[in-house]
Each structure stands twice: as structure tokens, then as C-alpha cells.
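Accompanying notes for the structure given below.
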Amino acid sequence: MCGIWALFGSDECLSVQCLSAMKIAHRGPDAFRFENVNGFTNCCFGFHRLAVVDQLYGMQPIRVKKFPYLWLCYNGEIYNFKQLQKQFGFDFQTLVDGEVILHLYNRGGIEQTASMLDGVFAFILLDTANRKVFLARDTYGVRPLFKVLTDDGFLGVCSEAKGLINLKHSTSLCSKVEPFLPGHYEVLDLKPSGKVASVELVKFHSCKDEPLHVACDTVEALPSAGFDLETVKSNIRILFENAVRKRLMAHRRIGCLLSGGLDSSLVAAVLLKLMKEININYPLQTFAIGMENSPDLLAARKVAAHIGSEHHEVILNTEEGIQAIEEVIFSLETYDITTIRASIGMYLVSKYIRKKTDSVVIFSGEGSDELTQGYIYFHKAPSPEEAAEESERLLKELYLFDVLRADRTTAAHGLELRVPFLDHRFTSYYLSLPAELRIPKNGIEKYLLRLSFEDSNLLPKEILWRPKEAFSDGIASVKKSWFSILQDYIDQQVDDLLLEKAAEKYPFNPPKTKESYYYRQIFEKHYSGRSSWLPHYWMPRWVKATDPSARTLKHYKSAAQE
């Protein structure tokens, strides 16, 4: 996890512009470099480093003797870099996984490069020999990337929008900062003036398609094809374990977030099993957050005892949670209601990890709810086919919601997130299964995933079959949820008259509740006029919901009352 920043064709003094690069310093607390591009005095790179792989030669922009005309700034991890090196006979100059991007590009161009990378990434690649700039981002946008491109060809690129919004330009303050789309690459011509012109934006991978890099995977071919249940369960276990195994690549200590729900518990259990197999000689630290005796804390405690992790509990107090709201919204760059609610706990547990432990590479369960139809409202899907379509829609929008939350809350404290449920191979296989297999069954969501691990003894049965908790609710008690605590506080901060006039003040995505109004006010304070970064609020489908919390849904209430 790092922070990347680059400018092409700046009219303003670079020493002034580079102050914007310092807005993302939290993403790379270990080192910083600011470098001009030879022959293009108004082009430069900025890089904040979190040293996870090759601590000696990992500074960026990466340049190697073999390709003196290539400059690379990237944020992410390429899990198959050694397999690619072996398959194509690449001669590496460093131990940095990202160096493979330079070799792939030299061998086959940008399309092959982006398609063959098994990992999470956002990168800026400059080819001064051919006067091209390339931008690319992984399939699910696990690593963030924003850009601004003015009409006269000034380009700014950054890991977070906050590194671009105050850039100066001759025509005006740069205003059209926007997220770079996941699963895409862009080709831009670099002019002698340092300005750029966009040539094409190409979608190189869709979540349903089996990725091209399967040929370079550690599990080359699944032992059996077909959709009989035992085969499917076996393949799910094989691919999920493979997804966790490849993510063990690190020179820093590995830890795991553990809410006690199915997703994080499966990740933690498989992670600890694999760490033992490869003789990692320190205990796995797991981390849970919640109020005293909250459902998440009690369940996580049970999982940690079962798998034998070194477990840490962070007790959330109401005042601390409320005080964190503004800094959380500043970190997230969104005003989405459920994203902010769920981020507060994750932000505070990340703060604890950074201050109190030496774990830096943090595994988590993001992506499972979208992939395996884990949200409560999937019980109301009109048909298996519509449920499958909704699952794909959620995966495509992850970069706006859960993946955004997971990246920003951990990156704010200099931690690197790893999300095995969003492994390209695992997700494409799961999405290839018949729609009927993937829906909730017997009143239980993620039924197929649970069934696949039922006989593995990785988790206690009551955890494996534990019903879905909304993260913001699981950290509190059922009687007094985090949701209710927030409402009580915000009710005192926003009066009824303000809410009545909300649509006039905020015509785009107008707030409908005091809570959403409160969040919007804070967002506009830091990112005025940028409301289009959130195309719509996250809301459940097929139900008459006015709030995104699972607690407002009938199925959740009946389960809680039993």
C-alpha cells in the first residue's frame, strides 16, 4: 500500500503543486520521493512508500537500466510476478513485484500488461521513447485512483482525490476530479509541451470473465469440471485457499480483522492454517472492535479461541465513535450513509493496530457479501437470475462503497489491506456457477459458501452458520445499536427546518434524514461541490427501505427477536 501522485503539463511551479502530494502522506509513512521527468520540466511524480516488499530497492518511480525510457509509479501487489518472470524469462533488477509491469509492457504492450496482472493495483506508466502515458486500475478497484484532465491537456493523477482538488492551473482551479474506473486502462499521448491528450479508455477485464493470468496461477487447472454440488464445494475451497495463500507475500507482519462473522472468520482461519504450513514464525494477530459484550466481540472471541490466534479487542466508546465522524468522512471522500457508519469502527481498529502492534499487512473479508449474496435483502430477490444480476452490480460498484471504506480506513493509518474474497480467479469461478446454486436457502444467506466449508473443521458450527450482521450494528448490542446511538446524537445537531430545505441546498442526492444531512454537511466542508463522486446512496433492493441498515429489514428483525 502506497500513495502515488503525478502531474503532466503543469503551468504552475511544481514546488508549489507538490504540496498537494503531501495530502496523501498517510498512505506511505516509510519514505517519500518527488521526481521530475527528464526532458519534461513540467512533469513529475510523487510517491509515499509503505515498505512491504523489497525494503532496499522499492522506492518509486521504478526505473531499470534495461528500459531507461520507462517510469512507473504504482500502488498495489502483483501476486503472480514470480510466475510471470519464470514463464517469460524476465531478468529482474529488483525484488519489487511491480517491476514485472515494465517487462510485460515491453514484451506485449499495455493491454497484455493489465490483463496478465494477478493482484490489486493502480498505476501510472510513462514511456518517454514513444511519448505515451498509461493509467490502469484493477478489476474491483481495491487500490484507488483519481484523475483530473483539463481541456488544454493538464493531467493530474493521485491515489486519493484530496491530492488533486487544490492543484493550480492557468485556466482555473482544477475542478473535474473523478475516480478512474476499475478494470480499465487509459492511453494518453504525451506532447512535447508535457501536456497530454486522451487516446482511448479500454475495459480490460470484467468480473465474470476468467482472467488471462490463470495460465500463470499456482493452481493451473481445477481438478474437476462440472456443477455437481461436491465438485463445486471442492473447487470453492481450493480457489479460496489459493486466494489467501498468494496474498501471504510480505516482508512485514501479517494480521487479520475479525468481526466474528462468516467472512472475516473464514479468512482468519484459512490464513492461520497456511501461515503454519509455511512456517511463519510469529502468531497471527486478530483484531475485533465493539462495545462491551457486542455480538461481534463475543463471536470473534470464540473464533480466535478456536483457531488459536493472538486476539486483540478494541472497546468502542460512544464519545470516541462520534468524535471520529469528521476525520472518517475526510478520509473516505464520500457522504454515503452506510459506508460512513461502517467505517467508524474500522477506522478506530486500524488506529489501534498502527499504534499498539507491529502488524502492517491486514487481511479482511470485504467482497464476500457482494459475491456470495450475503446481504439480508437477497432473501427478497424475485428470481435467482435477478439475484445474480444484483450480485454483479454490487461487485462493479464496490469501489464506491465497501472497497472504498476498507482502503481508506486502513490507509489512513499506514496499513495495507488484503482481500482474498476479491481474488480474480475465485470471483470469476463463483460467478460462473448456476444462479440457482448461489441464492440464499432455508432462510440462510451465503448458503453455498457455508456449505462448502461445513466439513473442514476450520470454524465452530455456530460461527459458520451465524446470520449476517450489518458491521455498524454488530459492533454494538442488539438492544442499543450503533445505528441508534448515531441517530440520538445527530438528532441534536440537525434541526427539522434544515432537513426540510435539504433538497434546495443539496439538489444532487438530497439528504432524506438528519443523519444523511449531517454527513453531507461535513463532506461539503472538505469537498465542496464534489457530490458527483457518489452517483447514488447504497440502499437495499426489492424492499421498501428508507435506510440502508439491515436492522430496518423484516428478516433481520425476526432473526434478532428469536
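Using N, Cα and C of the backbone, Cβ positions are placed for all residues, glycine too.
Because TrEMBL annotations are produced automatically, they should be read as predictions rather than curated entries.
Now, the feature entries from TrEMBL:
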ACT_SITE  Cys2  active site, for GATase activity
BINDING   Asp97  L-glutamine binding site
BINDING   Leu257, Ile289, Ser364, Gly365  ATP binding site
DOMAIN    2-191  domain 'Glutamine amidotransferase type-2'
SITE      Glu366  site 'Important for beta-aspartyl-AMP intermediate formation'
Surrounding CB atoms that lie within 10 Å of the CB of the residue listed as 'L-glutamine binding site', all protein chains: 26
C-beta crowding around Ser364 (ATP binding site), within 10 angstroms: 26
Integer Cα-Cα distance in angstrom, Glu366 (site 'Important for beta-aspartyl-AMP intermediate formation') to Asp97 (L-glutamine binding site): 23
Largest inter-residue Cα distance among Leu257, Ile289, Ser364, Gly365 [record-listed ATP binders, Å]: 15
Spatial neighbours of Cys2 (active site, for GATase activity) that are distant in sequence (at least 6 apart) but have CB under 8 A: Arg27, Gly28, Phe47, His48, Arg49, Leu50, Gln60, Tyr74, Asn75, Ser159
Whole-number Å value for how far Ser364 (ATP binding site) lies from Asp97 (L-glutamine binding site) (Cα to Cα): 22
